[in-house]
Amino acid sequence: METVEGPRPTPSTVSPPHNSAQELPTTTRSTTTNSKKLSLIPLIFLIYFEVAGGPYGEEPAVQAAGPLFAILGFLIFPFIWSIPEALITAELSTTFPGNGGFVIWADKAFGPFWGSLMGTWKFLSGVINIAAFPALCIDYLKRIFPIFSSGLPRYLAILVSTLLLSFLNYTGLNIVGYAAVVLAIVSLLPFILMSLIAIPQIRPHRWTSLGQKGVKKNWNLFFNTLFWNLNFWDNVSTMAGEVDNPQKTFPLALLCAVIFTCLGYIIPLIAVTGAISVDQNEWEAGFMAEAADMISGKWLKFWIEIGAILSVIGLFEAQLSSSAYQLLGMADLAFLPKFFAFRSKWFNTPWVGILLSTVVALGVSYMDYTDIISSANFLYSLGMLLEFASFLWLRRKFPTMKRPYRVPLRLPALILLCLIPAGFLVVIMAIATKIVYLMSGLMTVAGILWYFLMRFCKSKGWLKFSRVVVEEES
C-alpha cells in the first residue's frame, strides 16, 4: 500500500490482476458507527425530500399547458429523467460508497480537475436552492400570521428559522432521517384525504382538456416545472458513507423513493384536475390549498398550508445534509483543506460543512435571486452532463469492476439512456438568458481558480490536507 500526499492519482494508476474483477477501494472514510448509520426507511424519506417533498409546486404545469399535458408530463417525465438518474446514482453510489458522491465519480473518470469542478457546480447549486426554503416557509406562514409579510419581522423569521433548522441538521443524520419520515407522513396526509374526498366529484372528461382557448402554452414554464419537481436524485450520493450496508440499501431506497415520489405527484393532480374546473391562470404555485378549500373546506386548506411548511422543512434538512457531507467528502479526498472534514464530538456530524452551507444560504436568502436561482439550475445541468459522461466513461474504462448494483444494460443502450435526459438538459440551458450565462460563467471560473489555489496551497504546505490512500493490487 502506498501513501501519497499532494496530487492524487486517477484510477488509471490502479493495476488489477489479470483475469479478475477490478475493484477500487472505498473512496472516503466514514467514522459513523453502525448504530448511527442511516437505515432503509429514513434513507427513503431523505431521498424523497431531496427530490420532491410533496405535490407542492406541480401546479404551474397545469397553468402552462393544461390538465392533459400536465398529467402526461408527470406520467412520462419520470421515465426519461428520474429513473435514468436514479439508476445511475444506484450503480455509482454502490460502486464508490463514500461521502462525496458525484465528486468521486468525476474524479475517478476524468481526474481531480473535473472532480473539483463537479464539486463547485453541485455545491453552489445546492446551497442556493437551500436559501429558497426558509423564505418559502415564511411565505406560507404569513398566510396564517400576516406580520411576517414584510420588513424586520420577515427578515428575523428567515434568520431564526434558518438557524433552528441548521441546528436540527447538526444533531445527526439519523435524527434528520427519522424527522423526514414524520414530516412526509404529516404533509402528505391532507393530499391523500383530498384525493379520496374528490372521487365523487371527478368528471373524467376534464382530464382530456388541452387548456383554455386563448391561453397560450408556456412550454418553458412547463418543462422547468417538471425538471424542478423531479430532479436531484443524485444529491443523496454525497451521504453514501453514512448509510448502513449501502450496496444493498441504496438501490432499494432509490426504487421506493421513485415510486413514492411519482405517486405523490400524480394522484393529487389527477384528483384535483378531474374534480374542479377553474380558470387556468389560477393554477399558480400553492393552488392545491385553494383546491382543497373547494373540494372539502377551509380545514383541509389550512392543513395543506401547514403541510407545506413541514415539507419545506424536510427539503431544507435533506439538501443541507447533502451539501455538508459533500464538503466532508471533498476534504477526505484532499480537494479541500482537512478542517472541512471535522465532525462534532457530540453528534459526529460535519459541523464545518453545515456552518459554511448555512452562512452561504443565509447570504443568498436576503437577495433578489431570480437570476441566481436560474444560474444555480444552469450549474446543476452542467454537473449532470459531467455525471452522465463519468458514468459512461467508468463503464468503458473499468468494464469488469465489481459493481454491487449494475444497470442491466450494455454500453450502447446506456449511451441512449443518458442521451435522452442529456438532450433535455441542453434544451434547458439553451433557453437561458444572457445574465444566467454570465453568472454561471463567473461561478465556473471561480471554481477553476479555486482548484488551482488549493493545488498551490498544497504544494506550499500552507494548509493541511488529508492523506489520500491508494491501494495497488499485485
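Even glycines carry a Cβ here, placed using N, Cα and C.
Annotated in TrEMBL:
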{"type": "COMPBIAS", "residues": "11-25", "note": "compositional bias 'Polar residues'"}
{"type": "REGION", "residues": "1-33", "note": "region 'Disordered'"}
{"type": "TRANSMEM", "residues": "38-57", "note": "transmembrane segment"}
{"type": "TRANSMEM", "residues": "64-83", "note": "transmembrane segment"}
{"type": "TRANSMEM", "residues": "123-141", "note": "transmembrane segment"}
{"type": "TRANSMEM", "residues": "153-170", "note": "transmembrane segment"}
{"type": "TRANSMEM", "residues": "176-199", "note": "transmembrane segment"}
{"type": "TRANSMEM", "residues": "252-278", "note": "transmembrane segment"}
{"type": "TRANSMEM", "residues": "299-318", "note": "transmembrane segment"}
{"type": "TRANSMEM", "residues": "349-366", "note": "transmembrane segment"}
{"type": "TRANSMEM", "residues": "378-395", "note": "transmembrane segment"}
{"type": "TRANSMEM", "residues": "407-429", "note": "transmembrane segment"}
{"type": "TRANSMEM", "residues": "435-454", "note": "transmembrane segment"}
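Ranked by Cβ pairs under 8 Å to the transmembrane segment (252-278), the stretches 38-57, 64-83, 153-170, 299-318, 435-454 are led by 38-57. Here the transmembrane segment (378-395) does not touch the transmembrane segment (64-83). Their Cβ atoms form fewer than 3 pairs under 8 Å, with each pair 6 or more residues apart.
Counting C-beta pairs under 8 angstroms (sequence separation of 6 or more), the transmembrane segment (38-57) fails to reach the transmembrane segment (435-454), with fewer than 3 such pairs. Remote same-chain residues near the transmembrane segment (123-141) are listed as 148, 154, 157-158, 161-162, 165, 235, 286, 305, 308-309, 312-313, 315-316, 319-320, 322-323, 326-327, 357, 360-365, 369, 372-373, 375-377, 379-380, 383, 443, 447 (criterion: CB distance under 8 Å, separation of at least six residues from the stretch ends). Counting C-beta pairs under 8 angstroms (sequence separation of 6 or more), the transmembrane segment (407-429) fails to reach the transmembrane segment (299-318), with fewer than 3 such pairs. Here the listed stretches are 64-83, 153-170, 349-366, 435-454, and the one with the most C-beta pairs under 8 angstroms to the transmembrane segment (299-318) is 153-170.
Proximity of distant same-chain residues to the transmembrane segment (153-170), defined by a Cβ-Cβ separation under 8 Å and at least 6 residues beyond the stretch ends, is recorded for 134-135, 137-138, 141-142, 147, 176, 179, 313, 316-317, 320-321, 324, 344, 347, 349, 351, 354-355, 358, 361-362, 365-366. Outside the transmembrane segment (435-454), and at least 6 residues removed from its termini, the chain residues within Cβ reach (under 8 Å) are 112-113, 116-117, 119-121, 124, 335-337, 371-372, 374-375, 378-379, 382.
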